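Structure first, then comments.
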Amino acid sequence: WDETHFGKMGSYYINRTFFFDVHPPLGKMLIGLAGYLSGYDGTFPFQKPGDRYEQHNYMGMRGFCAFLGSCLVPFAYLTVLELSKSLPAALLTAFILIFDTGCITLSQYILLDPILMFFLMGAVLSMVKYNSCADRPFSASWWIWLSLTGVNLAGAMGVKFVGLFVVLLVGLNTIYDLWDLLGNLSLSLVVFGKHLLARVLCLILLPLALYTAMFAVHFTVLNKSGPGDGFFSSAFQSQLIGNNLHNVSIPEYLAYGSVVTMKNLRMAGGYLHSHWHLYPEGIGARQQQVTAYLHKDLNNLWIIKKHDSDTADLSDPSSPVEFVRHGDIIRLEHKETSRNLHSHQHEAPLTRKHFQVTGYGINGTGDSNDFWRIEVVGRKAGKLVKVLRSQVRLTHVATGCILGSSGKTLPKWGWEQVEVTCTPYLKETPNSLWNFEDHINPKLPNISLDVLKPSFAEILLESHMVMIRGNSGLKPKDNEVTSKPWHWPINYQGLRFSGVNETDYRVYLLGNPVIWWLNLVTLGLYLLIAASTAVTLKRGVQLTSELKELSRVILHGGGQVLLGWLLHYFPFFMMGRVLYFHHYFPAMLFSSMLTGITWDTLLKFCAAFLSPSTTARKVYRAGFLALVLLIIYSFYLFHPLSYGMIGPMASDPSSPMAGLRWMDSWEF
């Protein structure tokens, strides 16, 4: 499934080919590095799920992800051990993660999820460890755990932006910690200042430095032109070897008769583009579509013509060159279809109160709605227009509106390209500014483009704007299996990883139902226990030292884990982008740790009220053993989901999975 993306991106790093992805680069860089070190040559095409690797050495990349996925078990074990000081609670958590079919499936392929969860759990473990060193601040172990927390935060953020949730968790923990220290009157303000500085250094400056360094490596390695070029500005593209702007010489000033491409200055705004397809019935005038397209294409080429004459005579080599100047009225004729760029007072397809932009006319002959005034930002009338460097505004002469890219994605009929409109609002925004990128005119002398090189800070900012825009643009496609956040904790629907038919080797991502439903029940159970414990303590009920310790574990340890679950789950309800089942797995780690802590505490509470102590111990052990055996038996039933199912479908009585489709929404 997603190996087709992330395996391919690993190949891009090995081949040093520039690409665009909506996630930060660390995960893909590590996959590429694992492939490179294990002898993979970056030549497998990664076209569709189910393709055979044949002689390609893919084991290093899968092995690397599986290793990081396996580390989740000791990380969760140590975290729970630190929070609860209880070996059985830590063991129960470890059993849950070892025998969960979902965690196994997600960890054994070339995916970003095991890498993300490795850093996330690493950050949580480090945070819990440095909290436990609070009684010996500024000791070697305290500094090590604090620094490791920062390193893991940078790692989590560097793999996916959802790493922000663990940053938030650590941030809230740190604020609570500092507030507590501020109330400690035995500490001088100088010592408090040292505490504050140590946290700023290790939890803000260190992660930021590492995060920036990842991008520096990313841009240094990917120095060849590739499929991601069109998402970035002309200046950025001029650095990529093999790009048509790299070390290129083009005419400096725009002239009539020139063939050009126009790039919108909005981040990922696209090239002005048209094609033979018309706007559908009921969407403005039924004329040729004009859009913005993020990739290089022949349909991005336009010819600059005078508004009042044909430019046929300008293509004659002996005719004099006439430059385009600020304030000129021009026509733009689409090279492939010979239709003019045109606007009128019909409403744009998506943006209300903006006008529609179309291609109109036959062989360059149209009407007065094809006339545009070209204006260069910050220049006086009569000045020449520079290619690549002049920021240009095109004002429609008849209506006074300005040509712009709205940034909205058109539906299927517009090939999911970006909407181009003519806006009557004359506000200066990057959406309504363009630059001329390609420029072909054999009659003009060429100049070199080396002067364009952007600084690292500009590249970093631009790449983040493009990633954020890309993330918000991820909308579900037709017939695509997407899921809603409320589906996830109840294990409502899995995700097909590969294989559909009886003859295929079928892998299906689904959590072990017994574990997931146990986790769900435990959330409610935890809230009940925590509430009753809090009330008991508030009312001043006398507790034994053992019960006091259990109360501390359930409220403090369990509370931290519950906060982690809330922060990694509820933000998805507010997200507009397309969501998948695998987005829940970071939250599932916290839910599993909470299950370990809660059941251990519950069994200890029950045992505390039983006498003699031998009976209490027997009840505790029997309860613990029952949970572990239930988890292992459920794994035995559902393990083919992870390791691959062959043969008849689950609906067939002869299938090994017969009778295990407990919910109709499971598609195995």
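Glycine is treated like the rest: Cβ placed from N, Cα and C.
Residues 7, 10, 30-31, 34-35, 37-40, 86, 89-91, 93-94, 97-98, 103-104, 106-111, 114-115, 117-118, 121-122, 124-125, 128, 557, 589, 592-593, 596-597 of the same chain sit 6 or more residues outside the transmembrane segment (59-80) yet have a Cβ under 8 Å from a Cβ within it. Per TrEMBL, transmembrane segment is recorded for 59-80 (among others).
What TrEMBL lists as transmembrane segment is 87-109 (among others).
Residues or ranges marked as transmembrane segment by TrEMBL: 115-131 (among others).
The feature transmembrane segment is assigned by TrEMBL to 143-176 (among others). Within the same chain, residues 23-27, 112, 115-116, 118-120, 122-124, 126-127, 129-131, 133, 198-199, 202-204, 206-208, 210-211, 214, 467, 471, 560, 563-564, 567-568, 571, 583, 586 sit at least 6 positions outside the transmembrane segment (143-176) and bring their C-beta atoms closer than 8 Å to a C-beta of that stretch.
Sequence-distant neighbours of the transmembrane segment (196-217) (same chain, 6+ residues past either end, Cβ-Cβ under 8 Å): 24-26, 29, 138, 143, 146-147, 149-151, 153-155, 157-158, 167, 170-171, 174, 177-178, 456, 459-460, 463. Marked as transmembrane segment by TrEMBL: 196-217 (among others).
TrEMBL lists 251-307 (among others) with the feature domain 'MIR'.
The annotation domain 'MIR' is assigned in TrEMBL to 321-377 (among others).
Mean model confidence for the domain 'MIR' (382-439) is a pLDDT of 82. Per TrEMBL, the feature domain 'MIR' maps to 382-439 (among others).
Residues or ranges marked as transmembrane segment by TrEMBL: 514-533 (among others).
Annotation comment: TrEMBL describes 553-572 (among others) as transmembrane segment.
The annotation transmembrane segment is assigned in TrEMBL to 579-599 (among others).
As annotated by TrEMBL, transmembrane segment applies to 619-638 (among others).
Same-chain residues lying 6+ beyond the ends of the transmembrane segment (514-533) with a Cβ under 8 Å from its Cβ atoms: 96, 99-100, 102, 489-491, 551, 554-555, 558-559, 562, 565, 588, 591-592, 594-595, 598-599, 601-602, 605, 627, 630-631, 634. Within the chain, the transmembrane segment (87-109) has long-range Cβ neighbours (under 8 A, six or more residues past its boundaries) at 1-3, 62, 65-66, 68-70, 72-74, 76-78, 80-81, 497, 507-512, 515-516, 518-519, 582, 585, 588-589, 592-593, 595-597, 599-601, 624, 627-628, 631-632, 634-635, 638-639, 641-642.
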